[in-house]
Every structure is written in structure tokens, then in C-alpha cells.
Amino acid sequence: MTIHAEGLVAIVIFYLLILFVGIWAAWKNKNSGVGDGGDRSESIMVGGRDIGLFVGGFTMTATWVGGGYINGTAEYVYLPDYGLAWAQAPFGYALSLVVGGLFFAKPMRTRGYVTMLDPFQQLYGKRMGGLLFIPALMGEIFWSAAILSALGATLSVIVDININMSVVISALIAIFYTLVGGLYSVAYTDVVQLFCIFVGLWISVPFALSNPAVSDISVSAKEVIYQSPWLGKIEPKDKWLWADNFFLLMLGGIPWQVYFQRVLSASSATYAQVLSFLAAFGCLVMAVPSVLIGAIGASTDWNQTTYGSLPPKDKDQSDMILPIVLQHLCPPYVSFFGLGAVSAAVMSSADSSILSASSMFARNIYQLAFRQSASDREIVWVMRFTIFVFGALATAMALLTGSVYGLWYLSSDLVYVIIFPQLLSVLFIKGTNTYGSVAAYVFGLLLRIGGGEPYLKLPPFIYYPGWVTQERIHHLTGDVEYFVQQRFPFKSMSMLASFLANVAFSYLTKYLFESGMLSHKYDFLDAVVSKHSKEIMDKATLVSNHDNIILSEMAPVRQTLGASLGRTFTNTEALSDDGASSPEAFHNDD
């Protein structure tokens with residue numbers, strides 16, 4: 001194995017830069033949001049709620065522009081029979097941010113929540129919040145593991161260093177500055193990382209385009225040269241499958257803590273919306289070089305390159321087309337710039353996911369469910385411990401699990417099928433309760449798992465209309481693998497069924513208990529009859545250093561700049577029973 005010294009030096013310099021920015025951001029903002037009785041734990045989760053447009057726009061864009069985003073976009077553009085028509089992530093996630101900004105950012109930010117799970121625990125109770133934490137945690141951990149795995153493979157292609165070593169070092173750096181500075185370190189390093197992605201990839205594109213082995217990409221877009229045209233097309237038989245995947249990206253991209261962590265850290269609800277729209281534009285811009293690199297890969301005669309006679313698709317290396325193009329079609333010093341871009345993309349996503357998972361655990365599981373009397377210092381240490389644990393877990397999965405992308409696909413589906421309809425219900429549907437939430441969870445889970453998951457070799461036990469048996473040939477081994485492909489849009493159908501189950505079961509149980517058809521003693525979840533009693537509401541309290549404030553009485557946050565939510569809760573004059581902060585009351589304003 002030959003280690004490229006120049007590449008190694010470039011990586012070391014880049015990582016030291018990221019580490020310096022992360023530590024500087026932590027030092028610069030060490031007291032932000034914690035003055036006047038504010039909480040340090042909340043400052044780690046959402047900063048001082050004073051993230052401005054510049055830093056906020058960059059960090060929210062970096063929410064989705066990660067290693068999976070730029071590598072995956074290039075892969076789908078390159079793949080024969082898929083092409084740009086199936087590279088749905090740029091448009092899907094951009095629309096996700098637009099929809100999130102239009103409908104979800106304002107109510108979440110106005111009510112002053114700290115994590116995405118707050119409204120669920122407020123309305124459905126701590127047990128339901130714990131259940132909803134499971135798919136949310138799975139999504140964050142598997143996403144971090146998948147992109148760390150991609151980084152290791154990328155580094156091994158370009159620099160020829162040990163995959164395991166590169167994954168561990170990258171993860172340790174991301175974990176360290178997240179531990180030190182929380183959201184501020186993540187946000188400021190995102191600015192540097194996004195800049196590196198943009199510059200690194202755009203520097204590489206002209207060199208790759210001018211390589212003699214590359215044909216005119218405007219010709220190969222519509223004509224067969226070395227493989228199918230890279231624009232791709234959607235066959236009539238696949239239109240529902242395409243639509244299902246697109247809605248999964250567009251709507252399933254909303255209920256993630258990494259997104260709401262940025263929304264809730266914005267200095268106002270209006271800023272949160274503007275940041276979402278800026279990030280949508282940023283996602284589209286950042287996808288352009290990945291699309292071009294995928295097109296370049298599809299337009300290359302690989303026999304003329306140092307890669308070899310067989311193209312990447314025939315070596316089952318389509319997922320690595322971006323680093324392969326950088327390595328074999330660009331000069332070495334240029335490919336190292338591109339390598340820095342890929343490393344930046346991965347770290348900008350990994351640190352966000354690890355912080356998001358630890359925030360939800362420390363607040364919604366540890367504090368609100370088990371230790372309501374926990375001090376702020378205790379919560380901070382729980383967060384630091386879980387940042388390390390979840391980071392280590394993601395790193396271990398990246399090193400040990402071969403099907404980590406399959407796990408992430410399944411978990412992102414569960415976020416779409418389970419959490420999105422629940423978020424829709426808790427914010428916009430008046431009268432839903434815990435019984436409906438449980439029914440929705442079960443319906444969504446069964447219908448999605450029932451459809452199977454080919455990436456995990458999970459066979460279906462529900463065969464939806466239009467299913468077919470497909471074969472996948474592994475070119476290197478010659479093995480043929482058969483799997484069931486569900487062409488029916490069963491993921492979106494599962495999401496709709498989950499949403500309707502929530503509404504139907506909520507109103508049914510409400511009618512049965514309030515009409516007397518079911519005795520009040522059977523309301524074992526205390527979701528209908530005892531819903532508004534002080535005894536029940538005290539089970540979900542927001543704990544500050546001075547007072548226990550019932551969640552249903554949370555006052556909306558009206559501060560514009562630099563104000564901590566902790567100050568709102570500890571200032572008795574700011575607390576009002578104006579009815580604008582509870583989910584039920586909010587519906588009446590719409």
C-alpha cells in the first residue's frame with residue numbers, strides 16, 4: 001500500500017483547521033445564552049437562540065449536504081438506466097426545506113420548544129415520547145454511520161490509507177469539537193466545511209471535463225456513447241415507485257432533529273423560515289458539481305485512464321464514482337482538494353447527527369421522563385456522555401456493519417412513515433391523543449416493515465399490488481441475488497394510513513370515554529378523561545433551576561436577538577396564560 005504524502009498532508013491541514021474553528025467557536029460563545037439564569041444545557045442544544053442569517057444559512061444547508069448527498073447524487077447520475085431523472089435528493093431535500101419553512105418552522109419556533117420531541121411529550125406523554133425517540137435515534141445514528149463509512153472508502157480510494165484509521169480519526173475530531181462547543185461549534189465548522197465542499201468540487205470539475213478520456217457530456221446526455229444517456233428517464237411502470245421515493249425525501253426530510261435544531265436556534269420564527277428557504281437554494285447549488293461529476297463518469301472511456309478497462313459499474317463501485325473521477329481524471333493536487341470537500345461534507349453531517357441524538361436523549365428521555373429534578377450541570381454531563389456514546393456507536397457501525405446504508409434507508413423510511421404523520425397531527429390536528437398516537441405508530445411500523453427491505457435482505461410479508469421479483473448480479477463474484485421490488489407507493493400509503501389511524505382512533509376513544517360507553521377507569525393512558533387534571537399534567541413538566549413550569553403553560557418566545565429560552569422560563573413576568581402556546585390553542589389561531 002502506497003500512502004500519498006501530499007494527500008495525507010492536505011487531510012491533516014484540513015482537519016486541524018476544522019478543529020481550530022470548532023474550539024474557537026466554543027470559546028467565543030462560551031457564555032452565550034447562559035446569562036441571567038439561563039441554562040448551559042439549552043445553550044449546547046440550541047445556542048443562545050441567536051444564530052444569524054449567515055451562519056444559520058450555512059449550517060442549515062449543511063444539514064443535508066453531506067457525504068451521502070454529494071456521493072449519492074453523483075452515483076445516481078452515473079448509473080445506467082437511472083441518470084439525473086432518478087437523482088431525486090437535490091430537488092427532494094430542497095422542497096423539504098421549503099415545506100418545512102412554510103408550515104413547520106414557525107409553530108415550532110414560536111412555541112419555544114428545545115427539541116423536536118417536545119410537542120409529542122407535551123400532548124401524548126413521556127411514554128409516547130420515548131417510543132418516538134427510537135426511530136428518530138435510529139435515523140441519526142445510522143445516517144452518521146453511513147457517511148463515516150463512505151468517508152473511509154473515499155479516503156482509501158484517493159490517498160491509499162487504512163479505511164478504519166480514517167473513519168476513527170474523522171469521528172474523533174467531530175466528537176471532540178461537538179463535546180466542547182455544542183451547537184455553536186457545529187454551526188461555525190459548518191461554514192468552513194460547506195465552503196470547502198463548494199471550492200473543492202468546483203476546482204475538480206474543469207480538470208475532469210478536459211481530460212482526453214471524457215466525451216462531450218452534452219452529447220452523452222441524450223445519446224449512447226459508453227453507456228445509457230446520463231439524463232435518464234422514468235419508465236411508465238416505475239412512475240409510482242419514483243413518486244413514492246420523491247415524497248419520502250420531500251416530506252420525510254422534515255421530521256429530523258438536525259433540521260429542527262437549526263430552526264429552534266434561530267433568533268426568531270421569521271428568521272427560522274428565511275433560513276429554511278436559504279438552505280433550500282443552497283442544497284440545489286451544492287448539488288451542481290456532483291451532477292456534473294456523475295455525468296463525467298458516464299461519459300468516460302475508462303480504458304484510457306489509470307482506473308482500468310472495466311468501468312466502475314462493472315466492478316460494483318458505482319457508489320464511489322465521485323472519488324474515482326477525482327482520482328483518475330484530475331491531477332493529484334486537484335484530487336486532494338476534492339478529497340477535502342468529501343471529508344468536509346461527511347464531518348458537517350456527522351457532528352450534527354450526533355449532537356441531535358444526544359440532545360433528544362438528554363432532554364426528552366433523561367430529564368423529562370426520568371429525572372425531572374436533574375440540575376442543569378447534570379444534564380450537560382449527560383449530553384457530553386451521550387455525544388461520546390452515540391459517536392462511538394456510529395463509528396463502530398461504520399467499521400463493522402456491511403449493510404449500514406440498508407439500515408439508514410430503513411430508518412429514514414420509519415422517520416417518514418411514523419414521525420411525520422405524528423408531527424402533522426400534534427401541530428395541526430386538534431383533538432388527537434395518546435391512543436391515536438399509539439395506533440398510528442403500530443399501523444405505520446407494520447405496513448412499512450411488511451413491505452420488506454432488499455438492502456437488509458428483509459423479505460416482505462405484505463405483497464402490495466404490482467410487486468415483481470428482480471435479480472441483482474454481483475459483477476465481481478458472478479453471484480445472482482433475487483429480491484422483491486414493491487412498485488406500489490407503499491411507503492407513502494403507510495404514512496397516510498398512520499396519519500388517518502391517529503385521527504380516527506383519537507376521536508373514537510374521545511367519543512367512547514366522553515359519552516360513557518367506556519368507563520373512565522379504562523382510560524389507562526390518562527389521555528382523555530384525566531387529560532387536563534393537574535395530577536396528569538405534572539407528569540410532563542419542564543424543569544428549570546428555579547421553578548417547575550407545566551408544559552401546557554409554556555409561553556411563546558418573543559425575543560428577537562440573543563435571548564435564551566431559559567430566561568423566559570425563569571422570568572415570571574414572561575409567563576402568561578394567553579393560550580397561544582399549547583398545541584390545542586394554536587389550532588384555534590389558524
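The backbone N, Cα and C atoms fix where each Cβ goes, glycine too.
Curation does not apply to TrEMBL; its annotations are automatic.
In TrEMBL this protein carries:
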TRANSMEM  7-27  transmembrane segment
TRANSMEM  85-105  transmembrane segment
TRANSMEM  131-159  transmembrane segment
TRANSMEM  165-184  transmembrane segment
TRANSMEM  191-209  transmembrane segment
TRANSMEM  240-259  transmembrane segment
TRANSMEM  271-296  transmembrane segment
TRANSMEM  333-358  transmembrane segment
TRANSMEM  379-400  transmembrane segment
TRANSMEM  406-428  transmembrane segment
TRANSMEM  435-451  transmembrane segment
Contact between the transmembrane segment (165-184) and the transmembrane segment (406-428) (3 or more Cβ pairs under 8 Å, separation 6+): no
Among the ranges 7-27, 191-209, 240-259, 271-296, 333-358, the one whose Cβ pairs under 8 Å to the transmembrane segment (131-159) are most numerous: 333-358
The transmembrane segment (406-428) vs the transmembrane segment (240-259): 3 or more CB pairs under 8 Å: yes
Segment proximity, the transmembrane segment (333-358) to the transmembrane segment (240-259), 3 or more C-beta pairs under 8 Å: yes
Contact ranking winner - 85-105, 271-296, 379-400, 435-451 against the transmembrane segment (191-209), Cβ under 8 Å: 271-296
